[in-house]
Amino acid sequence: MDFEALKKYSALHPKPAGLTLQYGTAGFRSKAEQLDHVMFRMGLLAALRSRATGSTIGVMVTASHNPEEDNGVKLVDPLGEMLHPSWEEYATQLANAEEQDLQKTLTEICQKAAVNQQKDASVFIGRDTRPSSKKLSQAVIDGVSVLGGQYHDYGLVTTPQLHYVVCCQNTREQYGKPTLEGYYQKLSKAFMELIKKFTLPFFLCVKSPGSGEGQRHLKIDCANGIGALKLSEMQPYLPKEVLVHIYNDGTKEKLNHLCGADFVKVHQKPPKGLDMKPNERCCSFDGDADRIVYYYTDTAGHFHLIDGDKIATLISIFLKELLAKVGQTLKMAVIQTAYANGSSTRYLEETLQVPVHCVKTGVKHLHHKAQEFDVGVYFEANGHGTVLFSKAAENTIRQLAKDEKDDAKREAAKVLENLIDLINQTVGDAISDMLVIEAILSLKGLTVHQWDAFYTDFPNRLLKVQVADRQVIDTTDAERRAVTPPGLQEKIDALVKKYKFSRAFVRPSGTEDVVRIYAEADTQENADALAHEVSLAVYHLAGGRGAPPQPL
């Protein structure tokens, strides 16, 4: 390690005095102007992680659904998965080390993680469309370079695309070619194979839907982010009947401002800039295109949200039918978090007879649990999710698609094989998930209204309360019960008893000093009242800041 060069470069990316950040589920997130030193140091860490694993590591510069003024960074491990938890600690230590301790901290990480500094280091770098992202990704490059690492700068990419190319590189292209062209080719080929039996003209979306054709149209809100750019790039790879019409493409408005998947999910209303006609299918990506939610308005003008729970249900129905047809005893399960609507859990377990497992919030927990099954479907209610197939299940399916003598079984196996190729198994991917959903709706002949009618969500409300220190809240039972502060869970239990079909839980944010509150009940009025009462309990018992929460 060239400590002189390190000192020189580090001085170009100084740490603001007194700033402390935590590497959470989504990596680091903060105001963009506070992150230059973090980016440089994550470049250093990525080079060390690469040497420790003998693999290419990814660094993505994005703050996802956060406001445009924010930015962030997350590291991608060799198979496209989230950074290993032990290295999350190293990331936090390195980001918070004072200038004079940087060399010592790096040396300690190398010793603890047994990093061979003679090995080559390889890092793939991507960024979103935020004005600050280019400069911040240059700081990452400086960090990789000062430790003698090699890097490939992919420039503007969606977060899932970076996860994808990292996985392709480290599987020696078994997963695909580590290029954007490779990504577009793999997904479009699988999509076209899936829908080729669909005889009607297939429209993902058209410029001006004619009357009576609304069910075959999809309007896409791209949150004024990277998704618009990449969806446009993908268009030539899709069949000519598929006309992509993008809203909120980033040319006029700010990233994530009154639009995007998070806005639609939280506010339960359509995004700005998208003109909706009754029963027209619409969807929203988030700022880095790793989340997707669907929605529509009915003829009475009521807004209907189809979130990650209903996406998981649609995919599970389709997979269960196919697995039954191929006649294999492959174990399938759906993985949810406490945010999943209680009605979805009930439908999956009781009607579909599919096992459901609840884990702590955070993609890494869902992903990890899903790996325990032959087929693991996971979606957070916010629209982030994917499907994982075990190696054994994938091999079985591909073998059946090739060699099975029974026509019906072989055809079902071929559909499964194309689904495996269309799904981005590394991480939730709005583009990939959208194509999967559109293919399933087409093959099953379902309208958006029929999809929505699988079950009725219990009315719910998400709130957040600012607190002095989010760490005063500790939880158990997959975050469904609070252990501290004393008395809080007892208060929540008492409040829940006041309402029918109700439940509520609180959990600390992974990135900021706020406590998130979720409540469900038999009516929206009751869900709102319960959420408000729980937020007051949090405010009084967990050190709320500012004015007390006001009724909705």
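Along the chain as shown, the residues are counted starting at 1.
Any Cβ shown, glycine's included, is placed from N, Cα and C.
Since the structure is predicted, the reported quantities are computational estimates derived from the model, not experimental observations.
Annotation comment: TrEMBL describes S64 as active site, phosphoserine intermediate. Counting only same-chain residues at least 6 apart in sequence, those with a Cβ under 8 Å from the Cβ of S64 (active site, phosphoserine intermediate) are A26, G72, T159, D286, G287, D288, D290, R291.
Residues or ranges marked as Mg(2+) binding site by TrEMBL: S64, D286, D288, D290.
There are 21 other CB atoms within 10 A of the CB of R516 (substrate binding site), with all protein chains counted. Per TrEMBL, substrate binding site is recorded for E380, A381, N382, R507, P508, S509, G510, T511, R516.
Mean pLDDT of the predicted structure over the coiled coil (398-425): 96. TrEMBL lists 398-425 with the feature coiled coil.
Within the domain 'Alpha-D-phosphohexomutase alpha/beta/alpha' (51-99), the DSSP-based counts of helix, strand and coil residues read 16 helix, 14 strand, 19 coil. The annotation domain 'Alpha-D-phosphohexomutase alpha/beta/alpha' is assigned in TrEMBL to 51-99 (among others).
Using DSSP to sort the residues of the domain 'Alpha-D-phosphohexomutase alpha/beta/alpha' (112-166) gives these counts of helix, strand and coil: 23 helix, 13 strand, 19 coil. Look at TrEMBL and you will find 112-166 (among others) tagged as domain 'Alpha-D-phosphohexomutase alpha/beta/alpha'.
What TrEMBL records for 183-293 (among others) is domain 'Phosphoacetylglucosamine mutase AMG1'.
Positions annotated as domain 'Phosphoacetylglucosamine mutase AMG1' by TrEMBL: 307-445 (among others).
Per TrEMBL, domain 'Alpha-D-phosphohexomutase C-terminal' is recorded for 462-535.
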Non-local residues, at least 6 beyond the ends, that sit with Cβ under 8 Å of the coiled coil (398-425): 80, 160, 163-164, 186-187, 189-191, 193-194, 319, 322-323, 325-328, 386-389, 432-433, 435-436, 439, 443
Cβ neighbour count within 10 Å of N382 (substrate binding site): 23
List of residues, in chain order, with Cβ under 8 A from that of E380 (substrate binding site) and at least 6 apart: G308, Q336, T337, Y339, A340, T361, V363, L366, G428
Winner by Cβ pairs under 8 Å against the domain 'Phosphoacetylglucosamine mutase AMG1' (307-445), considering only 112-166, 183-293, 462-535: 183-293
Most Cβ neighbours inside 10 Å, all chains, among the binding-site residues P508, G510: P508
